[in-house]
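Over in TrEMBL, the protein carries these features:
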TRANSMEM  19-36  transmembrane segment
TRANSMEM  48-66  transmembrane segment
TRANSMEM  72-92  transmembrane segment
TRANSMEM  113-135  transmembrane segment
TRANSMEM  155-172  transmembrane segment
TRANSMEM  179-197  transmembrane segment
TRANSMEM  263-286  transmembrane segment
TRANSMEM  298-320  transmembrane segment
TRANSMEM  332-354  transmembrane segment
TRANSMEM  375-395  transmembrane segment
DOMAIN    419-582  domain 'Penicillin-binding protein dimerisation'
DOMAIN    622-937  domain 'Penicillin-binding protein transpeptidase'
REGION    868-893  region 'Disordered'
Amino acid sequence: MHDDKHDDKHDDKHESDPWIVGAAIVLVVLGLLNLLSTGKTADAVRHTLFAVAGLGIMYVVSRLRMSDLRAFGWAVFTVATVLLAVVPLAGVATKGAQRWLDFGVFTVQPSELAKLALVLVPASMLAGGFTPARFVATLVIGGVPIALVALQPDLSTAVVLVATAGFMLILARVPLLPLVPLFVLGLASLPLAVLFLRPYQLERVHVFLSSNADPAGAGWAELQANIAIGSGGLWGLARDPMYAVRAEYLPESEHDLAFASLVYGWGLTAGLAVVVATSVIVWRAALSVRTARTREAALVAAGIGALFGIHALVSIGQSLSLLPHTGMPIPLFSYGGTAAIVGFVAIGLVLAVRRDGVARPLWTPDPRRRRRPRGMSAGTLTMTAALVAMSVFAWQLQHDRGAEFRAMSDQQMMRCIRLPAERGLILDRNGIPLAVNVAEYAVAVVARMFEENDDTRSRLAALLATSPDELADLIEAGGEGESQVAVGRVAPDQARRIVDARLPGVLVVPSGRRQYPYGAVLASVLGHVGVADADDMERWPHLALGSRVGKAGLEKQYDALLRGSDGKQCVYVDPSGHPVATGERVDPVRGHDLRLHLDIGVQNLATDALVEAMRTSKGDLGAAVVMDARTGAVLALASVPGADNNVYGPPADLVALAAQSQTPGPSPLVNNATQTAVPPGSTFKIVVAAANTQYPVLSPDTVVDTGAAYTYGGHTFRNWQPMGPHNLLQAIQWSDNVYFYKLGELLGPEKMADVAGQLGVGRRSGIDLPGEAEGFLGTPENVGSIGATWYPGSTLLMGIGQGTVSATPIQVARWTSGIATGAMVTPQLAAAYGSELTPIPTAEPQRLPFADLLGPVRAGMRASASAGTAGQLADLPVPAGAKTGTAEDPSAPGEGLNAWFSAVAPFDAPQIQVSVLIRGGGFGSATAGPVVKKLLEHYFPRPPVPAPNR
């Protein structure tokens, strides 16, 4: 039967220990792999030389006789102490501490030698057993190198020295009575150590204790270590072409954070190899105690195992942010000549202890009489368990946050320069451009990305029609780094050739300036473009700084369609921010063109007619709506006065903007068709008549006495002229105020308001423009919201569209169309987008519940247009229906009368609806009527008069 105990004993018979030697070589090879993968070839060569020299010294030390161990230990202690004493006088200062001695060809870090000394000397002094004198002498002598190291200051190494000395006291079986007070005193004095910490050391402690440390400051190393381990995965990123750049972000990757660097490059599997190799050294050192011939040799072997374990735990712990960043290497694995030599010397001593015990068995005491170092097995198990736990923690970090850290690794080394997309055009229904881009492109060079060779420079110079020398001078004068150096402006065809050349570091950027060929004629409809502000960034969180977005009108309403998708030219940068390689390029995607229902010919005609009507009537503002009565498609939306939206750029013409803002009169920035709500006057009478069909209180055929005025509640409400008895048709035909006073009185405000609401009064029409006004539909319940009071006469005024009723031209157009067709439409300017003219969804017309009852109202509208207040439309070649309005408005200039006119034609099969407002224009039929007639004549021209026969 196989006997495990026999195998262990057989293993103890070998003088050499290939396990510990193999583990040491594995650590060296892994350290070499880490250096090579991070591009530190020179350090890798030196690391190899140190390892070769260390292996030779290890062999020599492994031949050491135990009788010479005491002398060897004191020699190491003496050399270490002398060198530490020289450091403050002649040491090399780095990172705020003097830790190295420079001997020209090589440098030495005496504190590494002191670690081994604090294993050898306490082992020598305490091997004979505990006495108070030996205990005190050990503390005093061991305290000398500890104090010298602390004064450098190298507190992290001083802490390791203290821990090593403490372990040696425990292993040497010093009684607990003197040990416990000593350890309590040590713990109590820790707060005092803060007084001796340098600022950078305090920052490291703060980073460890605070999760809110600034990652750009003291928290940089901790953050980068987390990124390295978290994104390394099982197999690492060393095969990534950009790994050399990634590795530059991890500080101390060859020394203090070598474990994190190895996992970054070669994955957690390589990190586990470090853990396993270190554990093998710890365990083989512990097992060597069993063969040790003397107590001193056993203490040395156990102490060396503890020293390796402490280093690994602290170094891996700091890489995982489980411990403060102390600057602790892993012997043989981390780069460092002194640490490597001392590590191999320590391995040699373990081999010497083993060889001496195996080679001289007759001089070995009876195992039953030997007292092994106290707590050796428990300590070794604890260290191993801690290393395994840290490995599990590293895996958990990758599992839970690996994707996050990989993204951070990508982001921190990537800088992307935005390539703005060209904005889509806005076209009228016939494809005529209404909003275009200035045909100019800027060419810029990112100096460090641009391949400065004769061929590339000559190609770009030829494309720019300049000389290579002039181009070189421009780039040199522009600066370095990520800064974009403008080298020229080119036309579209030239820009396309430069883009197609795909020269590294060369950017072609559209000017971003918008041009509106029709200026003020369409400014209130199209709006303008500007640089995104805080509100835009909140609305579109993905926007890049400096993006151009729609700020008003259709440019704002359809910004997502028009803006397109920006491209990017990415570059890889080193930690100092200098570009080192060209990264991903994503070409911008041009925005969609937007096709409107609007006809620029009709828009121009409406604007010119409004300007003329305002000139002759002294009105201060006007608006005209031309709409397809069947669908709500807006064919023209004119507003006067208007502003030139070309001055907004960007960049904006500040002088022109200032002059524009100081223009007297109504603001030219307001779209009067959708944003100016005023009393609708008699155009509202057809709404009241429609209410009588829903809530019949007066038969359409009933003739009502009217006259010149109507007295109600002690107040006289006048007609616009004396009139005789009228039925509903005649009252609409001649816009009889008294008839509608009485009808309003019979209906009451609630019934009028109910039907008016169904016809869109007091509600936004839903037109695809931002900033539409609601208007107001007053009732006894809501007038208080505008600070008004409902009087008995308010009901009568409501009957003729005065008092607490206000509406925009687009609302008047909508209710006129709704009564004519029996269905309410949603006005819409945009028809389609893209090269394939994908339709933009349009709301379906909503049939009115009283549509079939509107015949008498329509008859009145038809009578008005054929022989009434709107009789000027009688000579159109198609039948029309209309309603005029003359509304009293305190805000209107002159006599305070607004001119309204709203018509539909052909009235027997409605197609075109036109509504016009001229504030301060006087009588609607006289001022607004000619504008409506001119627009309807455009759609329904008179047939040519035949030439007379001769």
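Cβ from N, Cα, C; glycine included.
Over the domain 'Penicillin-binding protein transpeptidase' (622-937), the average per-residue pLDDT in this prediction is 95. Within its own chain, the transmembrane segment (19-36) has Cβ neighbours under 8 Å at 43-44, 47-48, 51, 58, 253-254, 258, 261-262, 265-266, 270, 273-274, 276-278, 280-281, 284-285, 330-335, 340, 343-344, 347, 350-351, counting only residues six or more beyond its boundaries. Counting Cβ pairs under 8 Å that are 6 or more residues apart, the transmembrane segment (155-172) and the transmembrane segment (375-395) reach 3 or more and are in contact. Only pairs six or more apart in sequence are counted, and the transmembrane segment (332-354) with the transmembrane segment (113-135) gives three or more Cβ pairs under 8 Å, enough to call it a contact. Taking pairs at least six residues apart, the transmembrane segment (113-135) and the transmembrane segment (298-320) share three or more Cβ pairs below 8 Å and count as touching. In summary, the transmembrane segment (375-395) does not lie against the transmembrane segment (48-66): fewer than three C-beta pairs, each 6 or more positions apart in sequence, are under 8 Å. DSSP assignment over the region 'Disordered' (868-893) gives 5 helix, 8 strand, 13 coil.
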